[in-house]
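According to TrEMBL, the protein has these features:
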| type | residues | note |
| --- | --- | --- |
| TRANSMEM | 12-33 | transmembrane segment |
| TRANSMEM | 70-87 | transmembrane segment |
| TRANSMEM | 107-128 | transmembrane segment |
| TRANSMEM | 200-223 | transmembrane segment |
| TRANSMEM | 229-248 | transmembrane segment |
| TRANSMEM | 260-281 | transmembrane segment |
| TRANSMEM | 293-322 | transmembrane segment |
| TRANSMEM | 334-356 | transmembrane segment |
| TRANSMEM | 423-440 | transmembrane segment |
| TRANSMEM | 460-488 | transmembrane segment |
| TRANSMEM | 500-522 | transmembrane segment |
| TRANSMEM | 573-593 | transmembrane segment |
Amino acid sequence: MTQSMSQTVDDLWVLAVAVLVLFVPGVVALLAVRVTRVSTLIGLAPPISCGIASLTAMGCAVAGVPYGPVPLVLVAGLLALAGVWTWSRYPGTPSTGWKRPKPVDSVGVALGVVLVLGAITAGVRAWWGGMGSLRTLPQEHDMVVHTTLTAFVERSGRGAPWQLLPADLLTGTPAQPYPAGLHVLAAVVARFAGDAVVGLNAMTVVVSAVVWPVSVAVLAGVAARRSRISPGIAVLAGGTAAVVAIGLQQPMFLLNHVGGMLPTAAALAMAPGILAVLVTMPPTRGAVLSAGLALAGAVAVHPSACVTVGVSVVAWCAGELFSRGGAEFVVGRLRAVGAASVVGGLLSLPVLVPVLPQRAVVTSFPSEKPAESLTGAVRRVFAIPFDGFPGDVVPLGAGQRAVMLLALVGLAAILIRRGPWGLITTWAVWAVVVLSMSLSPGRGWETVITRFFYNATFRIASHLNLFVPVIAALGVVFSAVALARRLARIPSVHRPPGRWGALGLVVVLTSVYGVLCLPGYLRLDQATVASRFSSPTPYVRVSVDDLAAIRWLAPRVGPGERVLNSANDGSTYLYVLGGVPVVNVMPLGVAAWSPSYSLLRDFNEYRTNRGTRRLLTELNIAWVYVDENTPKISSAGAPANWVAGPQYGLAPGLRGLEALPEVRAEFRSGAVTVYRVDLRAIRGLDTRPQHGVSPGVDTVR
């Protein structure tokens, strides 16, 4: 077996493990409370798995045992035993909501499943192909945090919210709460793979290429059934929605491209499935418990999920008031969703309470884009643009034009058919928010919602695409059903096509899009992934020089020694790959631990600054890692506003180190230099002047 083939087999095994880790705990929990509806199982399993993993990590922290695969498997096993006990004590089969299917429905279900599997295959190929391998290091700045956090959970066994991502890796304090519902599962995969990067990359692929299309398919099926479409064609509508969703640049490809916003992307991927269950669930104990745990799991992935789901549920229920029997429907939802929200809120308290002090930072972020013209804002809503930073945007291609056409046809078809109003109002609410934000980013009334998403246009605009695939799929289905009915009224047509004809037409139209339009769209998407993984030029944060420096330095760092670094380069992989404690794990430093950013600002002033010298000796900083070729990032959110300008690259305190006699270059590869710090000589500066320089003042700003 060749090396490349062996690597492919290894990657496939890890992806399979990631799928199991993300779905099995949730499915076991759902079956334990006697939930058997397939759409609920696949729609809620991922967020419930995240919730179970988070709760397991909390339990391990309280019990004083490390979190990892064994505790998670043990909890899943206990849930399975509880399910066996429940089913044995109450053997009656609960209603699944499905009657014995007709042949046409059976075929529709089978074809819908095939389309979903096809979408998953295409998505995995695009993501995996763009990465090149699961071992490829990501380059985006948020991924610095994600890889470090995954490695920390995997190495330390600490995964509770109050233990996560300590600013000082050597002492494990102070903790800085960070959404880690996905990372605690990625750490389990990392333990299996033996590599935190592999574990996180595998989880990224599974969320983006499996959870996302499945979640959208579930919502499309629910929307179709609300429109009184037969079960088979409803599942087929879900398959069509999955095929459309997998090619969309937003949210999955874009959010992972422009900042490595994996938790936000994951929460958005799970949102359609959660919404589908919330707007159809009965007020039974099992349904309420499962929906509440799913909400808690989504919040653990990213707290903004409660805003995404909350706004969408309210908008959906408002739309249902226009439907026949809508008032009764909404009253039923208020009871069920209200109870599930209470359960989810209580379970989310350990996650939400630690992050509440950060709300001022999150909600005050400036928008990353200037105001647009009305034409540009309308285009953002209706044209399904390929978005990004300057240089990322490409002209509308066949795939984007096809999706735009399908979405417009879907909107028209829903209005003509008069429903499902819940879907159309939910899309409309988010469309108004996106339109308003595009015209006045971070300043208008819409900041009531957008501030919980850092006032980021990319994050807010991505909400539209939670519903565009569903609208497009219903446009195809409604058009096919209408055509079949019209043919049945033509006297010359001796054998009207009926449901079989509608089913066949949906398959044909979806196949045309999948064959003619989707491949080109996915090629652009794959290039988007590659630009931050396998082909990052010119955007390189972790270079071959970084890897060479890491290989050289990791075995030379002694016990108790720290490495001063800037997390805006590849230095954090000293910890991810080698377990070496670096000073900085966040690109701009940590507000709760001032040495993280004060040394980035003042290290090269230690000869005249006694406070800086004291930090160096107290923290036992024996090495300094400098990469002079770092990407530029926004300085928004820098602790104490320590960065002078709007952008941040090489830290000012790490410049000009060659002129400092107590700092000696020990290794150099390209733009990366590793310096040895003579702490004994630095201590001597406090007792005698050096080269005419006074001992300095004691200032740590």
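Going from the start of the chain as shown, residues are counted 1 onward.
Every residue, even glycine, has its Cβ placed from backbone N, Cα and C.
Automatic, uncurated: that is what TrEMBL annotation is.
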Sequence-distant contacts of the transmembrane segment (460-488), meaning Cβ under 8 Å and at least 6 residues beyond its ends, amount to 216, 219-220, 223-224, 227, 229, 233, 236-238, 240-242, 244-245, 248, 250-251, 254-255, 265, 268, 271-272, 308, 312, 380-381, 384, 387, 403, 406-414, 416-417, 420, 423-424, 426-427, 430-431, 433-434, 437-438, 449-450, 453, 496-499, 501-503, 505-506, 509-510
So, does the transmembrane segment (107-128) come close enough to the transmembrane segment (229-248) to give 3+ Cβ pairs below 8 Å, pairs being at least 6 apart in sequence?
-> yes
Result, the transmembrane segment (573-593) in contact with the transmembrane segment (293-322) (3+ CB pairs under 8 Å) = no
Do any residues of this chain, six or more beyond the ends of the transmembrane segment (107-128), have a C-beta under 8 angstroms from a C-beta of it, and if so which?
-> 11, 15, 101, 134, 204-205, 208-210, 212-214, 217, 221, 230-240, 242-243, 245-247, 503, 507, 510, 514, 518, 522, 525-526, 529
Please give the sequence-distant neighbours of the transmembrane segment (334-356): residues at least 6 beyond its ends with Cβ less than 8 Å from one of its Cβ atoms.
-> 51, 54-55, 58, 160-162, 175, 177, 179, 181, 278, 281-283, 287-289, 291-296, 299-300, 303, 306, 313, 317
Other same-chain positions with a Cβ less than 8 Å from the transmembrane segment (260-281) and lying at least 6 residues past its termini are 39-40, 42-44, 46-47, 138, 140-144, 146, 179, 181-182, 200, 204, 207-208, 211-212, 214-216, 218-219, 221-222, 251-252, 287-288, 290-291, 294-295, 297-298, 301-302, 304-305, 308-309, 312-313, 316-317, 320, 333, 336-337, 340, 422, 426, 453, 458-459, 462-463, 466-467, 470, 532
Same chain, outside the transmembrane segment (70-87) by at least 6, Cβ under 8 Å from its Cβ: which residues?
-> 21, 24-25, 28-29, 31-34, 52-53, 55-56, 59-60, 188
